[in-house]
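Okay, so here's the structure we're looking at.
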Amino acid sequence: MRILVLNSGSSSIKFQLFEMQTKTSLASGLVEQIGSSSSRAVLKANGEIYEIKRFIKDHHDGLEAMNELFTTSHTLHDLSELDGIGHRIVHGGESFFSSMIVDESVIKKIEEISPLAPLHNPGHLAGIKNAMKESKNVPHVVVFDTVFHQSMPEYAYRYALPYDVCKTHHIRKYGFHGTSHRYVCKQAAKMLGIEFDKFNAISLHLGNGASACAVQNGKSIDTSMGLSPLEGLIMGTRSGDMDPAVVIYLLNIGVLKWNEIDNFLNKKSGLFGICGSSDMREVVAKMQNDERAKLAFEMFCYRVKKYIGSYYAILGRVDALIFTGGIGENAPNTRQKICDDLKHLGIHINHELNFSNERGERCIDEDGAKIKTLIIPTNEELEIAIETARVIKERTL
């Protein structure tokens, strides 16, 4: 069974082809800067790199360029050879509680909730519509970042704002990185020999975007991101949790204008706002001689530690603390700082294992630690492919 995974943005298409029997990637690539004179398409397969440099007008042209690369690399001759195509969708709102086969009603619902994710869902829709034209007889499946968090109880996802306003306008905590949290938790449960529906964990997806998730009996019961990915942990350029009155104050004194709020909170804040760099590698490298870099690092780790304590309290029993994402997988200094002084919770990492150059899934806790501390590289594309295959198989039963 071969599944193609598409992640279509406003000006890009990321793609990966999987053989599901072995769960291996046959090819991966990117169409970027769609609509620009510098647009191009790149594919990696069989240890080779294939590239097309030409003007790519829109998503239709982008998919044609992808098809050309598949043909040139002899990995796929036509999309009709596929068993399914899985599409990543950032926001499913309150309309979707599981991955779905795409039909007109699904497309209409995604269009209706696009105001909740104006930067992402329109690009996803463009990719879906054009891919369906190119492969009419292949089943298409949508996999939502928000679905894993639909198991949160109302007292966890509801904001303490006027109830009727929130209900009418679908204002609530949705959470994101759900595909990543689900994948790494499944892998961790398998690694520890625990049935997933009995597995409790605190999952930390730490990258330029960052979120924490409390998982109880294999289900998300709370997560740090909210209506948008802005809430929660400090991120590369996003503020995370803050007092909303700060924005009101800055508007009142004329420092901010209404049309500058989004850019201020999403692009100019976080690590970048504190020390001028959004890259944790640069922050760590500058810490010794730069007080603001040191402050940014300490603020980031402190915020994560607060969420660990909070989620420990609501879970009661924690089988594993999981690190994933670019920072979670590759920044031992950050992991060490986050886990320092958590021995009273049963979290105790081994210094040598934490700083080891070993890669892949691994335990980094001390022998006898009550809670296993794991590094699990995320693979959202594979999880989307697995979900796509599952939905297609269930439809044929």
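Keep in mind that glycine also has a Cβ here, set from the backbone N, Cα and C atoms.
If you look up Swiss-Prot, you'll see Asn7, Glu380 marked as Mg(2+) binding site. According to Swiss-Prot, the feature ATP binding site maps to Lys14, His205, Leu206, Gly207, Asn208, Gly209, Asp279, Met280, Arg281, Gly326, Ile327, Gly328, Glu329, Asn330, an assignment based on sequence analysis. What Swiss-Prot records for Arg88 is substrate binding site, and it gives sequence analysis as the kind of evidence. Among the features that Swiss-Prot reports, active site, proton donor/acceptor is placed at Asp145, with the record citing sequence analysis. What Swiss-Prot records for His177, Arg238 is site 'Transition state stabilizer'.
Cα spacing between Ile327 (ATP binding site) and the residue listed as 'active site, proton donor/acceptor': 20 Å, rounded to the nearest whole number. Our reading of the ATP binding annotation (Lys14, His205, Leu206, Gly207, Asn208, Gly209, Asp279, Met280, Arg281, Gly326, Ile327, Gly328, Glu329, Asn330) yields a largest Cα to Cα distance of 25 angstrom. Distance noted between the C-alpha atoms of Glu380 (Mg(2+) binding site) and Asp279 (ATP binding site) is 21 Å.
Distance from the CA of Asp279 (ATP binding site) to the CA of His177 (site 'Transition state stabilizer') is 19 Å. Looking only at other Cβ atoms within 10 Å, the busiest spot among the recorded positions Arg88, His177 turns out to be His177. In three-state terms derived from DSSP, Glu329 (ATP binding site) belongs to a helical segment. If you take the C-beta of Lys14 (ATP binding site) and look for same-chain residues 6 or more apart in sequence within under 8 angstroms, you find Leu6, Asn7, Ser8, Ser28, Gly29, Leu30. Of the recorded positions Asp145, Glu329, Glu380, Asp145 has the largest number of other Cβ atoms within 10 Å of its own Cβ. One residue stands out among the binding-site residues Asn7, Asn208 for having the most other Cβ atoms within 10 Å of its Cβ: Asn7. Here the candidates are the recorded positions Arg88, Asp145, Arg238, and by Cα distance the one nearest Asn208 (ATP binding site) turns out to be Arg238.
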